[in-house]
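Some features that TrEMBL has for this protein:
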| type | residues | note |
| --- | --- | --- |
| BINDING | HIS73, HIS75, HIS239, ASP314 | Fe(3+) binding site |
| BINDING | HIS73, HIS75, HIS239, ASP314 | Zn(2+) binding site |
| BINDING | ARG82, TYR145, HIS175, GLN242, THR319 | 4-imidazolone-5-propanoate binding site |
| BINDING | TYR145, ASN316, GLY318 | N-formimidoyl-L-glutamate binding site |
| DOMAIN | 64-382 | domain 'Amidohydrolase-related' |
Amino acid sequence: MTGTTDKTLWRGARLATLDGAQPWGWVERGALITEGEHIAWVGPEAELPAGLAPAIEHDLGGAVLTPGLIDSHTHLVYGGRRAREFELRLQGASYEEIARAGGGIRSTVAATRAADAASLQAQAQRRLDTLIGEGVTTVEVKSGYGLDLESEARCLRAARALQGAQLRTSYLGAHALPPEFQGRQDEYVDAVCAWMPQLQREGLIDAVDAFCEGIGFTPAQTRRVFEAARTLGLPVKLHAEQLSDQGGTQLACEFGALSCDHLEYLSPEGVQALAASGTVATLLPGAYYFLRETKLPPVAALREAGVPIAISTDHNPGTSPTLSLLLMLNMACTLFRLTPEEALRGVTQHAARALGLADRGRLAPGLRADFCVWDVEHPNELSYYFGRNPLRQRVWGGKLS
Ligand code: NIG
Ligand code: FE
């Protein structure tokens with residue numbers, strides 16, 4: 001490789017590339033060359049190409065470097081808060097009872113509809129900035145608190161206008177039944193499908209999601225949403241088996257879903273379906289913890305079947321108001337018994353796959369130059385600490401930011 005002026009050399013790094021066969025994709029004395037927004041070279045410092053004349057050189061002094069973190073399941077755009085509902089749950093009310101009484105998601109829908117675009121975006125930007133402060137470089141954001149065409153579009157536009165990370169948006173019209181469709185759930189599903197082409201034409205949808213649950217939508221209704229998505233060539237994802245086993249996972253896998261998310265009540269058939277379709281299992285320890293769920297997702301069975309596991313915040317005002325993806329790493333290990341390496345792959349390599357993104361999630365030539373420099377001795381510390389942020393620097397698209 002001959003020297004050109006737009007290359008940046010990052011040396012003196014201990015690399016968790018998550019690439020290749022080594023545990024962690026580990027390179028003890030590593031270096032990385034970026035060129036523009038991409039990685040041009042990764043490997044042992046001793047093997048750096050001769051004649052390299054980087055424009056800029058950073059000596060990282062032995063710090064650990066990982067791919068940038070990817071939060072592959074969030075509901076960042078919404079109005080209002082649900083702390084009062086939290087108090088009610090502490091007094092014994094269940095999440096389902098609150099939802100059936102018209103609270104829950106529908107109370108956030110009312111607050112979201114009442115909020116203007118600028119305030120929705122400003123609130124979401126503050127939330128995103130907190131995620132970014134822990135090394136997040138790509139974020140998925142769902143709609144699902146507007147539940148009419150105009151409000152869903154407003155939320156998706158707000159999501160796509162967020163600054164400082166790569167944004168992917170999922171259309172979650174089938175999240176809850178809005179009050180104006182009370183008693184007319186199938187008609188609402190028709191409306192969700194009918195709005196889809198317009199939202200797609202505006203460039204607002206990367207994937208289509210639904211909430212398949214006793215308090216959400218039936219498998220038959222979910223199927224209709226997925227068929228509409230398929231007609232438009234849009235990939236699907238699903239909130240599946242969170243509170244009960246609906247067989248939503250098998251349905252989603254029929255449609256080659258990118259991911260099925262939550263999965264506490266996943267059956268052995270569901271595990272097999274994920275394995276057969278190559279769908280990512282996204283686990284959400286924040287919602288598990290906050291709802292005081294006791295049924296664990298079948299992690300050992302997923303692992304044994306070779307299903308890729310992603311971890312995400314599921315940031316939302318009702319079941320997971322966390323803005324710390326690092327805390328989710330710790331919880332994925334303590335609550336779900338993932339290994340720290342599995343947890344890190346869950347917020348990088350497998351999170352990228354849950355979004356259908358092949359150009360990130362590992363440190364390898366040709367991929368996006370999104371990475372984190374951490375003040376730790378070993379990447380297992382990212383799962384070990386909780387409530388501590390060891391991020392030293394974030395590099396997004398080749399730039400320190
Ligand atoms: O991912 N499960 C459905 N959706 C959200 C919760 C939404 C809410 O309560 O506002 C979730 O947990
Ligand atoms: Fe969610």
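Cβ coordinates come from backbone N, Cα and C, glycine included.
Cα-Cα distances to HIS239 (Fe(3+) binding site) place HIS175 within 10 Å, out of the binding-site residues ARG82, TYR145, HIS175, GLY318, THR319. In this structure, the C-alpha atom of THR319 (4-imidazolone-5-propanoate binding site) lies 11 angstrom from that of HIS75 (Fe(3+) binding site). Listed binding-site residues: GLN242, ASN316, THR319; maximum Cβ neighbour count within 10 Å falls on GLN242. Less than 6 Å separates the Cβ from ligand 2 in the case of ASP314, drawn from the binding-site residues ARG82, GLN242, ASP314 in sequence order.
Mean pLDDT of the predicted structure over the domain 'Amidohydrolase-related' (64-382): 97.
The Cβ of ARG82 has fewer other Cβ atoms within 10 Å than any other of the binding-site residues HIS75, ARG82, HIS175, HIS239.
Nearest to HIS75 (Fe(3+) binding site) in space, judged by Cα atoms and limited to the binding-site residues TYR145, HIS175, GLN242, ASN316, GLY318, is ASN316. Taking the Cα of GLY318 (N-formimidoyl-L-glutamate binding site) as the reference point, the closest of the binding-site residues HIS73, ARG82, TYR145, GLN242 is ARG82. With a cut-off of 6 Å between Cβ and the nearest atom of ligand 1, the binding-site residues HIS73, ARG82, TYR145, GLY318 reduce to GLY318.
For the pair ARG82 (4-imidazolone-5-propanoate binding site) and HIS73 (Fe(3+) binding site), the C-alpha distance works out to 19 angstrom. Around TYR145 (4-imidazolone-5-propanoate binding site), a 10 Å sphere centred on its CB holds 30 further CB atoms from the protein chains shown. Checking each of the binding-site residues HIS73, ASP314, ASN316 against TYR145 (4-imidazolone-5-propanoate binding site) by C-alpha distance, the shortest gap belongs to ASN316. Across ARG82, TYR145, HIS175, GLN242, THR319, which the record gives as binding 4-imidazolone-5-propanoate, the greatest C-alpha separation is 20 Å. DSSP assigns ASN316 (N-formimidoyl-L-glutamate binding site) to a strand. Of the residues the record lists as binding N-formimidoyl-L-glutamate, namely TYR145, ASN316, GLY318, the two whose Cα atoms sit farthest apart are 11 Å from each other.
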